[in-house]
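Listed in TrEMBL:
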TRANSMEM  A:57-79  transmembrane segment
TRANSMEM  A:128-150  transmembrane segment
TRANSMEM  A:171-189  transmembrane segment
TRANSMEM  A:251-270  transmembrane segment
TRANSMEM  A:302-322  transmembrane segment
TRANSMEM  A:391-416  transmembrane segment
TRANSMEM  A:436-457  transmembrane segment
TRANSMEM  A:499-525  transmembrane segment
TRANSMEM  A:546-568  transmembrane segment
C-alpha cells in the first residue's frame with residue numbers, strides 16, 4: 001500500500017517538469033534544446049521540401065492517414081520478406097498473411113496486440129524497422145492529432161501535421177527513449193545484435209536464452225504507450241523487466257506522455273482564455289496570472305482530477321481483489337499471505353503487479369508485468385473496464401481526445417438539465433458537434449460488443465476460448481476491448497493466431513483508431529470556425545469540482561448503460577460463483 | 001492532379017525518413033552505447049564458469065537436483081531441456097508465458113494439487129499449510145528467477161539431508177542471498193534461485 005502511494009507521489013514530482021517541456025514543444029515556445037533540434041528538423045523538412053504552413057482539419061487528417069498508410073505498406077512488405085532480409089541471426093521465417101495484416105495494423109494503431117511471439121516470430125530487422133519504428137510513429141501520430149484537436153477547440157489554427165509529428169519525435173521521444181533505454185541496459189536488459197544463446201546448466205541440462213535489441217524496444221514501448229513486447233510474455237519476463245527499478249522506469253515512461261498531454265491542454269487553455277479575457281476587458285496581463293498558469297490551469301485540473309479519480313477507484317479494487325488470493329490455491333489448502341501469485345513474478349508481488357495492470361489499461365499501453373488471464377475475477381474486471389471506458393488518461397494523445405468528447409457530452413447534458421445553452425471554452429456546442437460526439441461514443445461499444453457477439457456466435461470464434469465457463473466470455477470481451485481501445489494487452493490464454501481472430505481484431509483496431517481520430521478532428525474543426533461567446537453569469541462553469549463530479553458520473557453512466565450486461569455475464573458472474 | 005501526386009510523394013518520403021531515423025539510427029546508437037558502457041548486461045548477464053556460460057543471472061532454471069533449491073513451476077520449464085530430449089527432437093524451443101489458467105479453471109486446481117504432492121514427497125518434513133504459495137503458482141513469464149525467502153527456508157531440511165552440509169551453513173547461504181526492498185519500500189524481499197544454487201554448488205564442489 002505504502003509502496004503504491006510512494007510510486008504515485010514520485011510520478012507527480014516528475015510530471016510537472018516534463019509536462020512543462022511538452023507544453024513548450026506543443027505550443028511552439030522556445031526551449032533550451034532548440035538550437036540542436038531546430039537544425040535536425042530543418043534537415044528533414046528542407047531535404048524533403050515539406051510545406052510547414054498550417055492545415056485545415058481535413059488536410060491534417062488526410063496527411064495523418066497518408067503517412068500511416070505509407071508506413072503500413074512498408075512494414076507489411078518487411079514482415080512478409082523478413083527471412084531473406086538481413087539481421088536474422090536466429091533463422092526466423094516469413095510471417096503468414098493474416099498474421100502480418102493483424103500485426104501491422106496492431107502496431108500502426110498504437111494497439112500492439114500480439115498474435116505472435118517475438119522469440120520465434122520476428123527477426124531483429126523486423127523488430128527494429130517495423131516494430132520499434134511504428135512504436136515511435138504511432139505515438140507521434142496520436143499526439144499530433146491530440147494537439148491539433150486541442151488547438152481547434154481553443155479556436156486556434158490547427159497547425160501542420162508534419163511539424164507536430166517531427167517536433168514530438170525528435171525533441172521528446174527519441175532523446176527520452178535513449179535515456180530510458182540506457183537505464184534499462186544498466187539494470188540488465190539486453191541490447192545486442194548477437195543471436196540467442198544456449199547454455200549448459202549446473203545440472204548438465206541445456207537452456208535456451210533469448211537476446212536481441214530488447215532495451216531499444218522496451219523504452220519506446222512504454223514512452224509511446226505502445227505495449228508490444230520483444231518476447232512473448234512481455235514485461236513480465238526478467239529480460240525485459242529484470243528489477244523493481246526497471247519496473248518503475250517502465251511505469252513512469254508509459255504514464256508520462258498521456259498525463260503530460262493533459263498538462264499541455266490545461267496550459268494552452270489557460271493561455272487562450274486569459275488572452276480572450278484581456279482582450280475583452282482591456283486589462284494588461286499581470287505577473288500573478290502567469291504564475292497561476294504554471295500548474296495546469298483550471299480546465300486542465302478538472303480533467304486531471306476526473307482521470308485520477310477514475311484511476312484510483314480502479315486501482316483500489318484491483319489491489320484489494322488480488323490481495324484476497326487465488327480461489328484454486330486456497331482450495332488446495334495453501335495459505336497465501338502474499339495474495340494471488342498465479343501468473344505473477346516474485347520480484348513485483350501484488351502491489352507492483354496490480355499497479356502495473358491498472359496503469360497499462362488506463363494509459364492504454366498494453367504492456368503486462370503479470371498475466372491478466374490469471375487475475376482474480378474482480379481484479380480482471382478493472383483492466384477490462386478501463387479499456388471499455390478508454391478515457392482514464394488513455395494512450396498518447398487519444399485518451400485526452402476521448403475525454404474531451406465526454407466533456408462535450410457532459411456539458412450538453414448539464415445544459416439540458418438547467419436550461420442553458422451548452423458551451424465549452426467559450427464555444428457553443430450545437431447539433432453538428434453533438435452528432436459527431438455521439439457517433440464517437442457509439443463506435444467503441446459497437447466494435448467491442450458487436451465483434452464479441454460475432455465471436456461467440458460462430459465456431460471459429462469459440463475455438464479460441466481456452467478457459468471454461470464465464471471466464472471464456474471474459475477472454476473474448478477482453479480481446480475486443482483491447483483491440484478497440486488500441487490497448488493491446490490480452491487474456492493471453494485465448495488461442496488467437498487464427499484467421500478469424502487475426503481479421504476481426506485487425507478490423508476492430510483499425511476502426512477504433514481512425515474513425516475516432518477523424519471524428520474528433522471534425523469536432524475540433526467545426527468548433528474552430530465558431531466565434532467566441534463571452535463568459536456571463538449564465539455560463540456553466542467547467543472548471544469547478546462540481547463539474548468534475550458530473551463528468552465522472554457521466555463516464556460511469558455511459559459505461560454502465562453499454563457494458564454492464566456483458567460484464568455481468570463475464571467477470572461478475574465468475575466472481576459470484578467463486579463466492580467473492 | 002500534379003499537386004496530389006506531390007502530396008503523396010512527400011508523405012512517402014517523410015515515412016521513409018522516419019523509418020530510417022526511428023528504425024535504424026535510434027536502435028543502432030543505443031546498441032553502440034550499451035555495448036561500450038554496459039557490455040555484461042547488454043549481452044544477457046551471462047555467468048561464466050571456466051570460460052563457459054552456465055546461466056543468465058536474470059533467468060530462472062528448471063532445477064530438479066535434490067541437492068539444490070527448486071524454483072517456481074513454469075509453463076515452459078524455463079526453456080530448459082536434457083540431452084536426451086534434445087536428441088529425441090523435443091525441447092529446445094524458446095518461449096515465455098504462463099498456462100493462463102483462470103482461477104475458476106479446474107485445470108489449475110489439478111496442476112496445483114500435483115505440484116503440492118510432488119513437493120510434499122520431496123520434502124517429507126514439510127506440512128501442506130507450510131508450503132509458500134509462490135512455490136505452487138506459476139510465474140507470468142515462466143522464467144522467474146526468484147522465490148520468496150520463506151520458499152527458500154522451507155527447502156532447508158531436504159538440502160541438509162541430501163548434501164551433508166550443516167543447517168547453519170545452508171541458512172547462512174540463504175541469508176547471504178536475500179535481496180531486500182529498494183529503500184525499504186519498493187519491490188519485494190526475495191531470493192534469486194540461480195545465484196543461490198551457484199553459491200551452494202561452489203560449496204559442494206560441483207563447479
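Backbone N, Cα and C define each Cβ position, glycine as well.
Contact check: the transmembrane segment (A:57-79) against the transmembrane segment (A:436-457) gives fewer than three Cβ pairs closer than 8 Å, residues 6 or more apart, which falls short of the contact criterion. Contact between the transmembrane segment (A:128-150) and the transmembrane segment (A:546-568) is not supported: fewer than 3 Cβ pairs lie under 8 Å, counting only residues 6 or more apart in sequence.
The transmembrane segment (A:171-189) shares more Cβ pairs under 8 Å with A:251-270 than with any other stretch in the list A:251-270, A:391-416, A:499-525, A:546-568. Between the transmembrane segment (A:499-525) and the stretches A:251-270, A:391-416, A:546-568, the greatest number of Cβ pairs separated by less than 8 Å involves A:391-416.
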